[in-house]
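The domain 'CT398-like coiled coil hairpin' annotation in TrEMBL covers 14-193. Per TrEMBL, the feature compositional bias 'Basic and acidic residues' maps to 72-86. Taken from TrEMBL, the feature region 'Disordered' covers 72-92. The domain 'C4-type zinc ribbon' annotation in TrEMBL covers 205-238.
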Amino acid sequence: MKADHFEQQKLLALADEDVALTQLAHRKRTLPEVAAVEAAAESERTFAEAEVRAETEVRDLDREQRRLEADVDTVRQRADRDRSRIDSGAATPKEITSLQSELQSLARRQSDLEDQVLELMERRETADAALADAQTGRAAAVADRERAEQLRDDALADIADSTARHEAKRAEVAGGISAPLLALYDRIRTQTGTTGAAVLKARQCQGCRIELNGRELAAVRNADPHEVVRCENCGRILVRTAESGL
Ligand SMILES: [Zn+2]
C-alpha cells in the first residue's frame, strides 16, 4: 500500500491517542477505588449480619426473661396463698404440715428461678454490648463505603473526562487520514490491542521495541517514502522520521 509520507506521520499522533485511551481503559478496569468500595461493602455486610444476630439474641433473652419473671410471680403468689391459709388459723395441723412443706419447695423453686434471671441478665448485658459493637462497626463501615464511593466516582469522572478528550482528539486526527490507511491502521490496532503504527527510531520499532536486522533495515531504507512499511515482528506500520537511523 502507498500513502503520502506526511499522512503516515499523522499515524503517530493517532497512536499517541490510542496509547492514552488504552491506558485509561486499563486504569478504569483496575481502579483501586473500586476494590476499596467492595472491601468496605463487605465489612458493612459482616457488621449488618452481626447486628441481626445480636438483635435476635436480645429479643430471645427478653422473651425468656419475661417468661422467668412470670414464673417467679406465679411461685410468689402461690406462697402468699399458702401463708395466708396458715395464718388464717382455719387449716388443720395436717394441712399446715403439708403447706409448710410446699412453702419450702416453693422457696427453692423461687431461688432457682431468681438465679436463672440473674444469669439471663448477664447474658443480656453481653448481647447488648455485642449489638452496640455491631451497630458502631456498621455505621463506620457505611461511612467508609460512602467515602470510597465518592473517591471511586471522582476517579471515574476523571477517567471519563480524559477519555472524551482523547476520543475527540483521535477523531480529529483520524479525519486527516485517508480511509484505506486508516482502515489498515485500525485492523492492526485490533490485532495488537494498542496501536496500529509506531515510529522507527534509531533502527528500533517503538511499538515492539525490537531492533530491525540488516536485511529489514535495508528493505525499509530502499522503500519509496510513500510506501507503507510494516514491522515484521509486530505488524505495525513503521513510520519513518529523521530519527529512524536509516
Ligand atoms: Zn514492531
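Cβ coordinates are placed from backbone N, Cα and C, and glycine is handled just like the others.
Keep in mind that this is a model prediction, so the values were computed, not measured.
When the domain 'C4-type zinc ribbon' (205-238) is classified with DSSP, helix, strand and coil residues number 9 helix, 7 strand, 18 coil. Counting residue by residue with DSSP, the compositional bias 'Basic and acidic residues' (72-86) contains 15 helix, 0 strand, 0 coil.
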